[in-house]
Amino acid sequence: MVNLVIVSHSSRLGEGVGELARQMLMSDSCKIAIAAGIDDPQNPIGTDAVKVMEAIESVADADHVLVMMDMGSALLSAETALELLAPEIAAKVRLCAAPLVEGTLAATVSAASGADIDKVIFDAMHALEAKREQLGLPSSDTEISDTCPAYDEEARSLAVVIKNRNGLHVRPASRLVYTLSTFNADMLLEKNGKCVTPESINQIALLQVRYNDTLRLIAKGPEAEEALIAFRQLAEDNFGETEEVAPPTLRPVPPVSGKAFYYQPVLCTVQAKSTLTVEEEQDRLRQAIDFTLLDLMTLTAKAEASGLDDIAAIFSGHHTLLDDPELLAAASELLQHEHCTAEYAWQQVLKELSQQYQQLDDEYLQARYIDVDDLLHRTLVHLTQTKEELPQFNSPTILLAENIYPSTVLQLDPAVVKGICLSAGSPVSHSALIARELGIGWICQQGEKLYAIQPEETLTLDVKTQRFNRQG
């Protein structure tokens with residue numbers, strides 16, 4: 001049995017969709033709960049994660065609960081609700097990307113017939129097929145399986161085999177974006193039939209281009225030929241990275257000791273409701289992004305001044321990642337539709353991007369979510385005018401945290417910060433790479449046992465075995 005939850009910004013819309021869906025039911029074989037609008041008579045449009053949680057709980061007496069959402073923060077509220085639910089209930093829940101009205105009606109009919117959760121989702125996702133056919137539009141199945149447009153006589157293409165050991169991660173992808181942006185041509189990058197625009201470093205990353213993958217550039221326009229030549233030269237140069245046949249041999253790192261210090265970045269308070277105009281909020285966001293881009297230029301220069309070219313390339317890549325027109329466009333759309341603050345819109349957009357990275361199955365690319373979180377934090381600091389200063393240490397210290405941003409690690413003094421020990425994190429994150437380059441001991445993914453450590457307790461990190469020892 002599958003029950004449904006409808007999540008909408010508008011109470012009237014949510015109830016209306018629910019009313020339509022119940023017309024499809026001939027029995028109580030599918031329960032429907034509504035979580036729509038917020039309890040504020042003056043500003044009733046919005047979503048509430050607690051409401052979503054309670055709605056799910058009210059229909060959790062089924063094998064699965066399918067959550068249908070309209071847009072924007074409805075998805076974020078649903079994801080937050082999953083974190084609030086008891087694990088045994090959360091395990092039953094699936095979130096559906098289908099259109100709210102047609103998808104809910106199709107899901108209701110399917111669930112009422114006794115279909116399993118996968119069939120219900122399939123029917124919801126294909127709910128627009130009848131309308132497409134009536135309007136003479138191509139099937140969505142065709143679009144999903146072949147997202148690249150058909151070649152025409154003017155379009156040229158060139159395929160290369162990627163020889164970068166870690167694929168097209170942030171640094172080589174940023175080199176690709178920068179290089180192709182200089183040509184007057186319409187371009188697409190294609191891998192296995194899926195196309196993205198080379199203007200967006202984030203779209204390129206989500207293609208998950210790995211070592212030995214074939215990547216094709218399709219170009220059309222006055223400078224198409226020049227773009228293809230530059231693309232080939234980039235590939236031959238491994239997109240600016242040194243070609244390595246095998247992973248580099250890590251230098252042996254001796255155990256490091258110090259006093260435990262729990263580190264947490266400053267928390268930025270994000271208000272959803274805005275008292276400003278949309279244009280004023282857009283200006284605030286652009287200014288905060290500009291300030292963050294200046295921060296990244298400073299970090300790049302700091303690394304270059306220390307002869308750390310690989311680290312400088314990381315923050316140069318961050319600059320490209322942040323300066324992505326699609327991110328600003330998505331945030332501007334939220335500002336238009338939800339009349340929210342710039343920080344709320346930006347948080348929504350970058351959290352969604354961070355989650356997309358976390359869902360990748362390539363460990364190296366997956367770890368880039370930490371870079372996105374770093375950029376979000378830095379921008380929120382500027383938007384909320386929050387003062388942030390790193391703690392100063394006078395004796396050997398081991399930093400303890402759930403995770404730590406790359407920009408934070410670069411600003412640490414390795415003379416006193418001897419090691420970093422995380423409950424989460426990733427051994428292939430840029431934070432880990434920077435720590436190793438600076439000679440700071442690094443262990444991660446230690447889980448809850450990390451929090452048994454007392455502040456000021458003496459710790460020794462064994463980097464080789466990825467374990468810590470408490471010395472009282």
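Using N, Cα and C of the backbone, Cβ positions are placed for all residues, glycine too.
What Swiss-Prot records for His9 (among others) is active site, tele-phosphohistidine intermediate.
DSSP assigns His169 (active site, pros-phosphohistidine intermediate) to coil, not to a helix or a strand. With a 10 A radius on its CB, His169 (active site, pros-phosphohistidine intermediate) counts 26 other CB atoms from all the protein chains. Look at Swiss-Prot and you will find His169 tagged as active site, pros-phosphohistidine intermediate, backed by sequence analysis.
In sequence order, Val170, Ile314, Ala367, Arg368, Ile370, Asp371, Pro406 constitute the residues six or more apart from His430 (active site, tele-phosphohistidine intermediate) in its chain with CB-CB distances below 8 Å. For His430 (among others), the entry in Swiss-Prot reads active site, tele-phosphohistidine intermediate.
Summarising the annotation, Swiss-Prot assigns domain 'PTS EIIA type-4' to 1-135 and lists sequence analysis as the type of evidence. Model confidence over the domain 'PTS EIIA type-4' (1-135) is summarised by a mean pLDDT of 87.
Residues or ranges marked as domain 'HPr' by Swiss-Prot: 155-242.
The feature region 'PTS EI-like, N-terminal part' is assigned by Swiss-Prot to 264-472.
Separation of the C-alpha atoms of His9 (active site, tele-phosphohistidine intermediate) and His169 (active site, pros-phosphohistidine intermediate): 36 Å, rounded to the nearest whole number. Counting every protein chain shown, 22 other Cβ atoms lie within 10 Å of the Cβ of His9 (active site, tele-phosphohistidine intermediate).
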